[in-house]
Amino acid sequence: MRKAEPGVLGIFARLEPLLEACKRLRREGVQKFQVITPIPVEEVQEILEKPRSSVRLFALIGGMLGMASGFALTIWTSLDIGLISGGKPIISLPAYVVIAFEMTILFGALGTVLGLFWNIRLPRFTLDPFYDPKFSEDHFGLWIPCGALDAPRVEASLRSLGAEEVRFEKG
Amino acid sequence: MMAPQAPAQPLSESLPETRRLRSFLWVLLILGAAAFLIGALGASPQRAWQTYLVNFLFWSGIAQAGIVFSAAYRLTNAHWGESMRRLAEGMAGVLPVSFVLFLLLFFGRSFLFPWIETSAHGKESWLNFPFLFARDGISLIMLYGVSFVYLYYTLRPIAGERFEGRGTPSGLHRFLIRGWQGLSGERARSERVLRSLAVAVVLTYAAVYTLLAFDLVMSLEPQWYSTLFGAYFFMGNFYLGLAFLGVTTILVRKSARLASQLPSRNFWDLGKLMLAFGMVTGDFFFSQFLVIWYGNLPEEITFVIHRTKDMPWATLSWIVLFGGYLGPVLLLFSRAVKLHARSFVLVSLLVLVVMWIERYLLVVPSLWHEKSLPLGWIEVLVTAGFAGAMGLSVLEFWRRLPFFFPSSGSKP
């Protein structure tokens, strides 16, 4: 189990109240809360003003590495064998462009997948204490860490915003 | 009896003032025509006619790419840039002029087709001038015909909406809405007809431009052939058409104050298309290059060696490789470049200029056999003349059909 923290969990059946709740939390200046959704929801990204994902950087670096290694592989093997074929120079770049291009795509794609896993923090072998199987089906969750003293107020406002179920987790 | 006519709004209200632009374009046109005549009748007929051919291919291609853009837009059920689509369709105003320009090629035939004087051995049945001129002429009539029928169905519901219950329009407008059946029915009908016509436009475009590429470019060096060349030619043409659309959109947006109809996310989307077609064109180039380079057959490789190893062409080839394919593709990866009018217009201009050089490089080295680079005042002025003719035709289109212009009435 991860290090547990006390907090209030709201479970929403529909997206709109969840977005409304997120907006309200932002307005009230609450920095630390977590949204759990069964599907990717772009609006949440916008409301939380997350910085742009770094996956693009992984893709770019992967692609450049791929291109470099494509040229390196072809040039090195040609030099190593040293056979003149088809009357072409030993290092004949036009032919190597094809390999370099394929390697760019391959490494770019692998870089993207790696970046994706890095960013969504997979693989992960433990679940958050507040995790509910419903979050992998058709419900949205909003986890707000707070102490037992604040809990009743937070619970009430989540209910008023349309949470289907609200509960306090002692952690 | 008709009800008393409602006071008709002046139709041209939505059009920006273009008098100064018109006179500027007329000056370009007259200068270009004069330079061409001086060149063709005296100074250097070879240079005049080869530049004429390059510019005919370049500007007709842009005009046709406008309609093809619209067809592709409809075929993909797009909704991202209605105003931009209308601007692209307006380029069809050039097509009649382009056909006349094609007919004029007749007088330059002996400067353009080397196989007229020394016959292309074994290819005479295909490469003879009467047959070439007839098949290309008929193909262009077909292509421009389909394009205009397509344009008719695009304009019809909008014209009808504009004139419904406002008395009888005259001339072109009457032709556009003859047999009007009521707005909702007409809209559905146009939608249905355009769906099939869009396919016809795209297919005819691919076929006819392949033929033009083979006849008006490849045959200039009759021993050379490359099967993919047709596809390369029409893809590159679409690419440069998109660049031209980018430049036009930004100019119109600024001069006609249409920032709300042409929001910057339109450039973003157009930029993505340009990126894709830049890649496709570059890829088609490379697919031909690799095979020809590897095979190293004399009848194929001469075309490439002449353009990539011999001066003065080699420099131009490098400019095209970096300025036309690699450079724009790398620049257009960036979201910011596509999203800002200023940077986007610069990239579009770069593509436009370099793709002109590319068309020049496809045509001229086949015809010019001296050491010097034939790129001077004749070429510049003739190109300017074509630009003037193109601009005037497009303005004439909008002057006759002002209700179609993207203005406050139309959705972005």
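The backbone N, Cα and C atoms fix where each Cβ goes, glycine too.
Here is what TrEMBL records for this protein:
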{"type": "TRANSMEM", "residues": "B:24-44", "note": "transmembrane segment"}
{"type": "TRANSMEM", "residues": "B:56-75", "note": "transmembrane segment"}
{"type": "TRANSMEM", "residues": "B:87-112", "note": "transmembrane segment"}
{"type": "TRANSMEM", "residues": "B:132-153", "note": "transmembrane segment"}
{"type": "TRANSMEM", "residues": "B:197-217", "note": "transmembrane segment"}
{"type": "TRANSMEM", "residues": "B:229-252", "note": "transmembrane segment"}
{"type": "TRANSMEM", "residues": "B:273-295", "note": "transmembrane segment"}
{"type": "TRANSMEM", "residues": "B:315-333", "note": "transmembrane segment"}
{"type": "TRANSMEM", "residues": "B:345-363", "note": "transmembrane segment"}
{"type": "TRANSMEM", "residues": "B:375-398", "note": "transmembrane segment"}
Of the stretches B:56-75, B:229-252, B:273-295, B:315-333, B:375-398, which racks up the most C-beta pairs under 8 Å with the transmembrane segment (B:24-44)?
B:375-398
At a C-beta cut-off of under 8 Å, are there same-chain residues at least 6 beyond the transmembrane segment (B:56-75) that contact it? List them, or none.
81, 85, 87-95, 98, 101-102, 105, 143, 147, 150-151, 154, 194-195, 197-199, 201-202, 205, 209, 212, 216-217, 237-238, 240-242, 244-245, 355-356, 359, 363, 386-387, 389-390, 393
Selection from B:315-333, B:345-363, B:375-398, the stretch that has most Cβ pairs under 8 A to the transmembrane segment (B:229-252):
B:345-363
Other parts of the chain folded back onto the transmembrane segment (B:315-333), taken as Cβ under 8 Å at six or more residues beyond its ends:
271-272, 274-275, 278-279, 281-282, 285, 307-308, 347, 350-351, 353-355, 357-358, 360-361
Selection from B:87-112, B:197-217, B:375-398, the stretch that has most Cβ pairs under 8 A to the transmembrane segment (B:132-153):
B:197-217
